[in-house]
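The structure under discussion appears below in the form of structure tokens.
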Amino acid sequence: MKSFKIISLLLAILFLASCQTNTASDDEALETVEVMLDWYPNAVHTFLYVAIENGYFAEEGLDVDIVFPTNPTDPIQLTASGAIPLALSYQPDVILARSKDLPVVSVASVVRSPLNHVMFLAEQDFDSPADLVGLTVGYPGIPVNEPILKTMVEAAGGDYEQVHLMDVGFELGASIVSGRADAVVGTYINHEYPVLKHEGHDISYFNPVDYGVPEYDELVLISNEAYVEESGEVLAAFWRAALKGYEWMVENPDEALNVLLTNQDEANFPLIQEVEEESLSILLEKMENPNGPFGGQDAESWEEVISWLDAHDWLEQPVVAEDAFSSITD
């Protein structure tokens with residue numbers, strides 16, 4: 001009887017050790033992939049958090065680690081250097097970066113039309129972007145905002161050279177509320193606008209597409225040329241999981257938003273539920289691809305944005321559309 005107990009105990013120990021070994025092996029099998037957001041976590045990132053929470057990345061053998069930028073230019077700079085394999089950025093910024101020989105590549109479209117609007121307190125009573133001449137416009141230091149603002153001011157008949165542009169970092173809404181800036185560009189219709197409304201401010205805005213700016217992709221997933229060439233299977237696996245997260249978000253928007261709110265960085269970037277609800281309702285339409293799968297890209301869109309930037313002398317050297325993006329959605 002005593003021998004039986006000893007054998008049973010040994011078998012139990014071996015079983016537990018086997019379980020622990022299998023768990024460790026499973027964890028070791030996952031490849032860690034860092035993804036840098038374009039901003040702090042908000043509704044546009046919901047599909048990524050859903051893919052993590054629902055285990056879609058793990059099913060593809062990936063352990064996805066979401067990191068935040070310390071300043072608005074980090075996604076482009078750190079991806080170009082290879083310090084970060086994946087990041088969220090903006091279609092025009094990818095083109096501007098490539099014109100400076102930075103080896104960044106868009107691998108998927110996330111938001112298919114501009115969210116970026118010029119915003120100001122309604123009491124300013126501006127009629128068009130031409131009214132910004134002689135005034136101070138805040139922006140987050142992201143290069144794409146300059147050609148956007150220049151195009152808008154000139155389309156409205158104003159002299160862009162007489163607009164004072166001031167880098168306010170992430171303090172976009174605060175800069176117009178405090179009076180530090182008369183208006184801001186780089187503010188999003190799905191984020192700063194509902195946030196400022198929630199805070200009790202009456203806000204007006206100009207949509208860039210009404211003033212000569214093309215319908216560019218607001219948000220794209222970027223990588224660098226070397227990673228795209230060497231890690232194509234990882235990128236494909238990443239997007240398969242991201243697509244599942246997106247589809248689940250579309251079918252279950254309320255539950256998906258709860259996933260985001262549960263995973264928010266409340267200490268540093270607290271989210272407001274009603275703001276994120278309004279934001280997600282705006283985003284769902286703008287993220288949908290009517291001509292193919294979520295994330296799909298085409299040369300025509302890239303050529304249009306390249307032509308716009310080139311026409312306004314923002315490109316340091318020519319950019320070939322086909323070199324600026326690589327499809328991982330097929």
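Backbone N, Cα and C atoms are what each Cβ position is placed from, and that goes for glycine too.
Per Swiss-Prot, the substrate site holds ASP38, TRP39, ASN145, TYR188, GLU192; the candidate it also names there, chosen from TYR90, TYR246, is TYR90.
Spatially close to GLU192 (substrate binding site) yet at least six residues away along the chain are MET119, LEU172, GLY173, VAL184, judged by Cβ distances under 8 angstroms. Residues ASP38, TRP39, TYR90, ASN145, TYR188, GLU192 are the ones the record ties to substrate, and the longest Cα gap between any two of them is 17 Å.
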